[in-house]
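**Student:** Per TrEMBL, the features are:
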BINDING   CYS572  heme binding site
COMPBIAS  85-96  compositional bias 'Low complexity'
COMPBIAS  537-550  compositional bias 'Basic and acidic residues'
REGION    70-96  region 'Disordered'
REGION    537-561  region 'Disordered'
TRANSMEM  120-139  transmembrane segment
Amino acid sequence: MNTMWGKWGLLLQYPRPKLVTPHRVACHLPILSPATSDNKLHHPLTLQFSTAEHPDRATLTTKFLLRSPESSNPKEQYVNPFHRPSSLSSSSTPTSSFPPPIEIYRCIMALDSLLNFPPYIWLCLILALPTYTLLYDIYTWSRMPPGPLPVPFLGTLTLPRTQPWLQFEKWSKIYGPIFTIWIGRKPTIVISDPIIAAELLEKRSNKYSSRPRMVAMGEILWDNASVLVQPYGKEWSIRRKLLHQALTPKSLRLYKPVQEAEATRLCNELLLSPMRWEKLLERFTSSVVFCVAYGHRIDSLDAGVIGQRFKFMQYSASLNVPGKYKVESFPILKYIPDALAPWKAEIKAHGREEAAANMALVDLVRSDMANAQASKSSITDSLCKQLLELREKEDIPLSDRDFSFIPASLFGAGSDTTASTLCSAFLALVTHPHILGVAHAELDAVIPLSASRTPTFADAPSLPYLTALVKEVLRWRPVAVLGGTPHATTAPDIYNGYHIPSGTTILGNSWSINLNEKYYANPHDFNPSRFLGSSAELEKSRRGGEKGEEPELMQHPSKAGHSSFGWGRRICPGADLASNSLFIALAKMLWAFDIEALEGEEYDIFRYTDGFNIRPQSFRCKISVRSEAHREVLERELVGEGVEGVLRRFTAFE
């Protein structure tokens, strides 16, 4: 039977049709007839139904249902329940029986309709987003460099927990010199070939010079003040320019006297405490960095400023552990108030402490400059002093806090890394004992005992083997084993047919690059001679000799012959300073000492610490002065004006 009940109830646009809710009609924008003499509501359904099939009963029923309960009109007279009487002003409060605004009804009925969708529609809606995401991810996977098969939404589950560079080296032999791993849905490209690294990170540096977003460490702890993690842009360029201006070749020449003095001091400390060699190396590199950065030296690792710096380094490294903080996956969490996020308040407190310590060091140098000006004397040059003088001449758009992070960045970048490289040099010497004899022969020929002095930077042109030894230790065991802080792309790119999306993290696996058999014969063999010889001899070795007996070796694109200092616009700004410290320390120590393996001690050239910066696990070795004559030269040189006079210019931290 075709009744109003059946017509009204079968329409999907009227959920819960058995409920008498006349106001729902308002959600469908009813149109009132201009001619109201017949008092008919011109809704499509009621109009057709009442006039064509049951004119009397339908009309009376509609009029009755739509009449106002407070109306005094006759029951048979039509009343529009959605019409607000003119007597009810805008400031009046409507009665409970008066219907609310039509917008509220529309929202309520829309929600009611949504909740009454059939289950299969809800199922489709629930599955639509993850299905689309999965298909998009599969499409992205297919276009990027190959790699271990990721699990949808979870990423590469076979990532190693420790020493990832070793597994990355194995994967490079399976998937090629450029492959992709996935951390969740975020791609990371790992490069294991120096030519590919140079092509992307140097020749295309305009796209590959940013940093991945590091919310906990970069934004909450440092408030984007550190040049280390700052994304590529104008603010980063300002800081980078200031660092380069203070580390020019001219400036580096000014720092050489203190590097020589500290290296002589290191040798005298080894005479007294040879078993503490690792700590003594750390004191040497820390003192050089503080002399260069602030014009003050470090006499002991017990100095308060050193303990403070190591604490800051360790804490910042703890923030960079993948998966430790959810804010890295959900950056919106950084906006939670500190009172509701104790973890955030703790990070901020550490950040304020570090910023205050950085400012205190800058204020110390500023005070030194003021005192020198008042007494009409001079103070030694330092990076901070040069930057302060530059700031007075030029308008540098940096706050005091941001400015203080520039000289402070030298410690993390130049102290621990240089000490770690010296530790690797000691490991290489005890596991390759013939190297020491060659180095001794060269040093003795250039600086014989009769010269009554130790090596200096002026001897460098006459010490090619020692120069090659420094390059080889940097190649053999790179400290920044995964290329240092990762790069990130700022625009999509295509390389060798592979798509590299914007925002992709880029890792240059320095371990694989520096130990690539295509570029270095027997790469795990410590052999400084690979950096010696004429260009013709090197080219001959790369081509495999006259008869081609040896496998062809390709030429490394870097002038240094290794990639241990990074690439492109993010290359370590203190690379030359670090190389100078390595050269002078090794020159003086190898001139004065025998560094040998201890009988019964086992040495493993792969036993290294974990993390972004690595060094050999602690080991013991025998360090003995070569002769009493060498001892006398060291002791005499230490108290001479050449060393004591230089060190007196740098006030020691307490």
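Glycine is no exception: its Cβ is also placed from the backbone N, Cα and C atoms.
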**Student:** Which residues of the same chain, at least 6 positions away in sequence, have a Cβ lying under 8 Å from the Cβ of the residue listed as 'heme binding site'?
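**Tutor:** In sequence order, ALA413, GLY484, PHE565, GLY566, ALA578 meet the Cβ cut-off.
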**Student:** Please give the sequence-distant neighbours of the transmembrane segment (120-139): residues at least 6 beyond its ends with Cβ less than 8 Å from one of its Cβ atoms.
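**Tutor:** Beyond its ends, the transmembrane segment (120-139) has Cβ neighbours at 152-153, 185.
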**Student:** Check the DSSP secondary structure of CYS572 (heme binding site), expressed as helix, strand or coil.
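**Tutor:** Going by the DSSP assignment, CYS572 (heme binding site) belongs to neither helix nor strand, so it counts as coil.
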